[in-house]
Amino acid sequence: MIFSILEHILTQISFSMIVILITIHLTTLLVNERATLLDSLEKGIIVTFFCITGLLFTRWLSSGHFPLSDLYESLIFLSWSFYIIHIILSFQKQKNYLSSITAPSALFTQGFATSGLLTEMYQSKILVPALQSQWLMMHVSMMVLGYAALLCGSLLSVALLVITLKKNRTSFSKIKNLVKEPFFFSEIQYFTPKSNIAQSTSLFVLSNYYRSQLIQQLDRWSYRVISLGFLFLTIGILSGAVWANEAWGSYWNWDPKETWAFITWTIFAIYLHIRTNTNLQGANSAIVAAIGFLIIWICYFGVNLLGIGLHSYGSFTLKNI
């Protein structure tokens with residue numbers, strides 16, 4: 001009873017913090033990026049992280065098993081993983097644009113999990129026989145950590161693609177305007193460093209330089225985060241195969257969840273292979289990562305909508321409003 005009350009309180013506090021933090025985040029993006037607002041956002045994220053950590057720990061004590069038995073618990077753990085990645089990346093020099101990717105991921109994932117849309121999952125239940133194993137913590141935690149890292153890395157790649165596309169459009173329009181402008185050799189004498197053309201060209205070159213630097217940083221951090229997520233995903237799939245052999249007598253059953261997990265693993269293996277080629281780094285590898293972003297959500301969330309297969313215990317229904 002005490003654990004249930006404490007869990008309810010932590011859920012309400014964390015959801016209230018989510019609403020406040022999303023408001024602050026949107027304010028910094030759309031209105032004004034003030035240092036005080038950014039500082040409040042970071043402090044609020046830390047408070048929310050401790051709330052969700054307490055929520056997971058309380059649910060663990062009340063249920064007697066690691067809280068990863070259904071979609072609600074895995075969503076909470078997924079948002080907790082996002083917070084971990086966000087806190088680690090916040091120590092980096094380029095934390096501003098990195099946090100703009102990781103913070104919304106954590107906030108919206110936890111907001112959905114604690115919003116009340118998921119039914120019949122808030123109360124802990126007795127584990128089904130297939131889940132009553134020590135492999136539960138190893139397999140599911142590695143898979144969810146892998147999903148979190150791969151999603152963050154893929155979002156960095158999506159940001160890279162957006163900036164690259166914008167850069168190419170800006171460059172094309174600048175060149176087009178220069179070609180259209182009439183030019184006379186007699187006007188060369190009036191070209192001074194302080195002229196408008198020289199100033200606009202300098203700003204254009206400087207802007208392209210900073211964008212190129214940002215693209216390189218996004219590509220580098222995307223590769224690092226995806227590599228970490230790929231390692232977690234590989235460990236999760238291997239441990240799941242061992243667990244499947246103990247529970248069902250076969251290492252692989254081509255269950256929908258298993259199949260999409262293998263597709264996810266293949267997509268990011270292709271990404272890592274492409275990334276090793278210096279000529280294909282940047283936008284080319286980012287396209288593969290962007291495809292992987294969609295595949296992850298199909299594997300993690302979309303398959304649960306079907307409610308079929310050996311992993312059907314993770315299916316869910318939405319509350320009728």
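Cβ atoms are placed via backbone N, Cα and C, with glycine included.
What TrEMBL lists as domain 'Cytochrome c assembly protein' is 68-311. Look at TrEMBL and you will find 12-32, 44-62, 74-91, 98-118, 138-165, 221-244, 259-274, 286-310 tagged as transmembrane segment.
Under the criterion of 3 or more C-beta pairs below 8 Å, with sequence separation of 6 or more, the transmembrane segment (286-310) and the transmembrane segment (138-165) qualify as touching. At the 8 Å Cβ cutoff, the transmembrane segment (138-165) and the transmembrane segment (44-62) share fewer than 3 close pairs (sequence separation 6 or more) and do not count as touching. Long-range neighbours of the transmembrane segment (44-62) within the same chain, counting only residues 6 or more positions beyond its ends whose Cβ lies under 8 Å from a Cβ of the stretch, are 3-4, 6-7, 10-11, 13-14, 17-18, 20-21, 24, 73, 76-77, 79-80, 83, 86-87, 103, 106-107, 110, 124.
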